[in-house]
Amino acid sequence: MSERIVPSGDVELWSDDFGDPADPALLLVMGGNLSALGWPDEFARRLADGGLHVIRYDHRDTGRSTTRDFAAHPYGFGELAADAVAVLDGWGVDRAHVVGLSMGATITQVIALDHHDRLSSLTMLLGGGLDIDFDANIERVMRGEPTLDGLPGPQQPFLDALALMNQPAEGRAAEVAKRVSKWRILSGTGVPFDDAEYARWEERAIDHAGGVLAEPYAHYSLTLPPPSRAAELREVTVPTLVIQAEHDPIAPAPHGKHLAGLIPTARLAEIPGMGHALPSSVHGPLAEVILAHTRSAA
């Protein structure tokens, strides 16, 4: 395991790796406002033990990557997709299997459209298609209105987690406890959730960010890619896996089925009991479907 700072335009991105660099590369793209440590070390090692060179990185404005005032230095999903490619360049990787979670699933769709030559395969989980306006859906759900796209909007557990995240926490212990409570809500009751495990991971994330207690927030200011870009996904030819978490409160079923339907090469898998979180109870089945997909794409 080693660390590397890579340039992407005028920002620097922190990254690290697991496994043998001689193995096929797999890039992990985390969700919004989360650093690379949103991918637990234990999960990354499980993928590496399956024969992959696993690379993860801090998005700009998270962790140890460049952090600036978003209003003064705005960016969009095009830049975030270019960041992912810059990480591959920084590790000397021509093509990689790319796995995107939540906002990372949106980023990986943009990678598939704008940087398709860098992909060996594509995996997306806990996310939706480029034609889904999640921001508008959240607002409509909060007003008690149906979504305009006909798919279910974010569920009450997400709204509960959002309200919790907006509550102040005094001191490190309170901040860790708040984060653990958030993840317990988002994970749901379908799989075991270990508070102590998540507390340990959040302690790591805080240390990784230099002891800063406030969670990053810049990505809340992002504008989603134009919904019209979803039509371009019909041209994607890279082997694609879409993973639906059975109890995802942010992108509930059938969002995964809808996303898979946008890409001719996509197939759909479901992780029973899983919510919008990565407790160790889902690491085994999740790694199993990802490894099977990357091997079939080799």
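Cβ coordinates come from backbone N, Cα and C, glycine included.
The annotation domain 'AB hydrolase-1' is assigned in Swiss-Prot to 24-277.
Annotation source Swiss-Prot lists active site at S102 (among others). In the three-state DSSP assignment, the secondary structure recorded for S102 (active site) is coil.
All protein chains included, D248 (active site) registers 28 other Cβ atoms within 10 Å of its own Cβ. Residues or ranges marked as active site in Swiss-Prot: D248 (among others).
H276 (active site) falls outside any helix or strand according to DSSP and counts as coil. The annotation active site is assigned in Swiss-Prot to H276 (among others).
Counting every protein chain shown, the number of other Cβ atoms lying within 10 Å of the Cβ of S102 (active site) is 24. In this model, the domain 'AB hydrolase-1' (24-277) carries an average pLDDT of 96.
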